[in-house]
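Taking it in order: structure first as structure tokens, then the write-up.
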Amino acid sequence: MPRVATVRWSVLLAALLFTLIAIATMQQAHAASVKKVQLYATDGYHTLAGGKQVYVWGYSLTNEPGSARFPGPRITAEEGDNVEVTVTNIGAHKPGADFQVHSMHVDGVDPEGHAGAILAAGQSETRQFTVNQAGSYFYYSSDPNGYARQMGLSGPFIVTAKDSAEQAWTGGPAYDKEYVFHLNEVDPVWHKAAEDGTVHDPQQFHPRYWTINGKSFPDLESDPETMIHGKTGENILVRLINPGFDEHPMHLHGHHFHVVAENGTPLPAPIEKDTVDLAPGETKDILINFKQAGHFPFHSHKILDNTNDGVYPGGLHTMTHIDWQDAGGGKIAIEAGSTHAAVNGEHVMLPVAPFQLKGDTYIPLTFVAAQFGGDLRERGADGSLVYRSQHTAWELWYVQQHAIWNGQQMQLPSPMLEMKGEPMIPAGVLATALCAQVEQDAASGAVTIEYEAGQECRSSEPDVTPPVVSATPQGGTYASSQQVTLSITDNDPSAAIYYTLDESAPTNGSAVYTAPISISAAATLKFIGIDSAGNASDVQTEVYTIEPSVEVMVDALDAVFSPAEVTIKPGTTVTWVLKSSMLHSVTSYDGLFDEQLSPDGQKSFSYTFNEPGTFGYVCVVHPFSMTGTVIVEDE
């Protein structure tokens, strides 16, 4: 019997030990499955469009005061994940600034109306929760009046489908690429109050900047996270997040899309739209299937949302760049006079019908760029177009046979022309510029082009071409301050402009041009362009004389105000004069004035500006082409 008892106790002890090991293993597995995120709340400065800096509050992944990010870092988890987020208030870097941090709220996960306690400097708070539904959410500092959200304490919280599946949610619609657009409005007066240590009245909310992921047009177009790039046939998921105070109707040109989820919840059925209203505190997921190649704007339908401090265009405006799916190469068949074409045997439509001129068939350059996988954009004030791909930089001008190819002078057999707004080039030049095989039938105008994208002609010659620089406007006598824009033309994307305003000769040690130069008094501007190969342009000199006038005249032409921007002193009268046979209005964004100019009625309107500031205005009849700005400088 004693022997049996010993055996039984041994079995029981072994079972107990196995159980304890199993429990410990399960606890370790559970602990390992928790996704941990550490955020640090602090302040900092954020650069807006035009180089303007604003004081912000924000979250950071770095334990360093002053390192705030605007918006906060993206947090990503999978359906079913246990997430642990720790927020530590490491305090403000700016002495004397107003800075407050509350408990973090995850919209769509925490109960509605949850407002947390204030976190003192040095204090941390840890939250754990399980994310059960894939979708788009956002987190923010949960003060009751949304003060911290305006200052920047918010960020995207994205829950993806299980096992990293590229689906909007597990079992939901599939996508090929994904973009997250975190929208914000910025009131610089509010941010300046916090920087100065005072509390701003949230009822006095007057935003002047609108951002996506912290950027505005034109910066959005150069950011791969906000400039949508894809191919025809691809499904692209765009997650729209609005933690702000205003509604933003987001509109896509050229295509419809499907709204598939709202506030992290899948819709019973997709809703087809070309404009989606994004209310304050709302998220919406849209799925776009691009059927046509080209460049298509994606922007807010509110005019004010498309401005930077009253200047149009700006704000919530980005672009989509869509290539043809078969842009890897192939064979194109085109005929003069027909908008029907074939690419690798598949029917496609051309934006404009090709035409014959002097024995060459002209074809749309936008179509060529889409097929060859290139990017086509306007260069600047000189109206040139630049085609860029991995191996090619090709700059062309309308009605000129002169072109620049990979930094070298190039003579076209015939000039680039314009037809119905489309740039048209002679098909034969593709053999020289892009190394395509081109066959033309002079009698019928039929063209066959065989090509391989990414395998264009390459230049092995060293870059010996100096940049070309220019100023707009040129030197002269003006009645008001001028914003001078410097432009550089060079194959080297690193080429830069250096300038002086003290009549000294500019060198690569002088000030680097990054934004328009304000000329408010007599000045001599000297500038030079230098590329990375050391090639330098001639030094250009422009002399400006400013002779202020009590009255400044602005012409209302058919499609523009001229000049579109004037800089004046307080007490100056601006008079708008109708010089068109069309009806126009002069309407201030701020409600200061709203007058109609009519060929059959009032043909001029005057307003005296007595207070410093920037005042934007628009013709409500032609809002996208006719905008202007009056800048009133302090005495």
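Every residue gets a Cβ built from N, Cα and C, even glycine.
Nobody curates TrEMBL annotations by hand; they come from automatic prediction.
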Original post:
Which of these ranges is annotated region 'Disordered' in TrEMBL: 57-76, 77-96, 457-476?
Top reply: 457-476
Original post:
What are the DSSP helix/strand/coil residue counts across the domain 'Plastocyanin-like' (69-162)?
Top reply: 6 helix, 42 strand, 46 coil
Original post:
For the domain 'Copper amine oxidase-like N-terminal' (343-449), what does DSSP give as the number of helix, strand and coil residues?
Top reply: 13 helix, 50 strand, 44 coil
**OP:** Grab the pLDDT values for the domain 'Blue (type 1) copper' (550-633) and give me their mean, rounded.
**Re:** 91
Original post:
What counts of helix, strand and coil residues does DSSP assign across the domain 'Plastocyanin-like' (207-302)?
Top reply: 4 helix, 56 strand, 36 coil
**OP:** With DSSP as the reference, give the number of residues of the domain 'GH29D-like beta-sandwich' (473-541) in helix, strand and coil.
**Re:** 0 helix, 34 strand, 35 coil
